[in-house]
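Encoded as structure tokens, the structure appears first; notes follow it.
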Amino acid sequence: MGAQPEQTQKPSSRVQTLFKRVKAFFTKTGPPPPPPAPSRNLGCTHVYGYVFGHLGEREPEHSPSQQVLDTGEQLMVPVDVLEVDNEGALWKFLLSGAMAGAVSRTGTAPLDRAKVYMQVYSSKKNFMNLLGGLRSLIQEGGIRSLWRGNGINVLKIAPEYAIKFSVFEQCKNYFCGVHESPPFQERLLAGSLAVATSQTLINPMEVLKTRLTLRRTGQYKGLLDCARQILEQEGTRALYRGYLPNMLGIIPYACTDLAVYEMLNCLWLKSGRDMKDPSGLVSLSSVTLSTTCGQMASYPLTLVRTRMQAQGQLGPFSNLAYHDPLPLLSELSHDPPKHTQTDSQTLHI
């Protein structure tokens, strides 16, 4: 009698065992992966738990996100998706990043044009503030003129992002192989090389963007006409004006951005809070502040770059004749329009 319950329960136990095996088969996962190295590519996301030696701690998984408004002035590679070996995710991020960048740059186009206008035409004798600059632009070309140059600014998003991501991925694989995560220093170097390469290739588009942003009503018929006039009147070298200060600007931007971000991490650690899971507001504030400081550090070179890109032999830029950034930087340091520089720097940030 004692063996009969075992015979009646044996089939049900087998069924339970079978279901457990099927469930285990479909939910089977490999060993837990090592903690991912954060993609602190100086302009976008997380470095918590990495810079300060917390490599053994598991970080919460997070989807790729861009936490800084794209106005076209961010230098470093701003993505998390590069850490994922998934080309589909990369292209999805490229598409979503391009669409978001187009919206954000279009929304900030009036301020961007006012900034460039103030950077080029302001001087100690010709003081210009934000309202005065916007008023001058509207009087010259109307409300629609505030969006001049926005087309090329949006158009260069796709090649800029694609070159940055491709070069970054190749450099990362070269440093540490395809399936290994590079140290933070090598990741920073890979990001800098990617930015330098992309800026080298799209510098002609930057010059066209500056010229179209500053153009008078009826000066150019469009993008191709602007490029044709530059090539005919100034030569091919004009398309690479401002290249040197643009490259030099990567150094103070990257170093300042990184230093501020690490300082904020130290403050977060000393506060006794959990570093592994900072809130979205904390992460956004840290990235925004570090990026702002980086832009402030590189702003003098950005100003020199813009003035060199705007100069020309004919047209409204004929009063500018700088072929070397050093004389222009020296002139700005000895006789700066302080108030106007502050206003245009605020718009730049």
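The backbone N, Cα and C atoms fix where each Cβ goes, and this holds for glycine too.
What Swiss-Prot says about this one:
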- 88-104: transmembrane segment (TRANSMEM)
- 88-174: repeat 'Solcar 1' (REPEAT)
- 149-168: transmembrane segment (TRANSMEM)
- 182-267: repeat 'Solcar 2' (REPEAT)
- 188-205: transmembrane segment (TRANSMEM)
- 243-261: transmembrane segment (TRANSMEM)
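Note: the repeat 'Solcar 1' (88-174) comprises 74 helix, 0 strand, 13 coil (DSSP; helix = H, G, I, strand = E, B). DSSP assignment over the repeat 'Solcar 2' (182-267) gives 72 helix, 0 strand, 14 coil.
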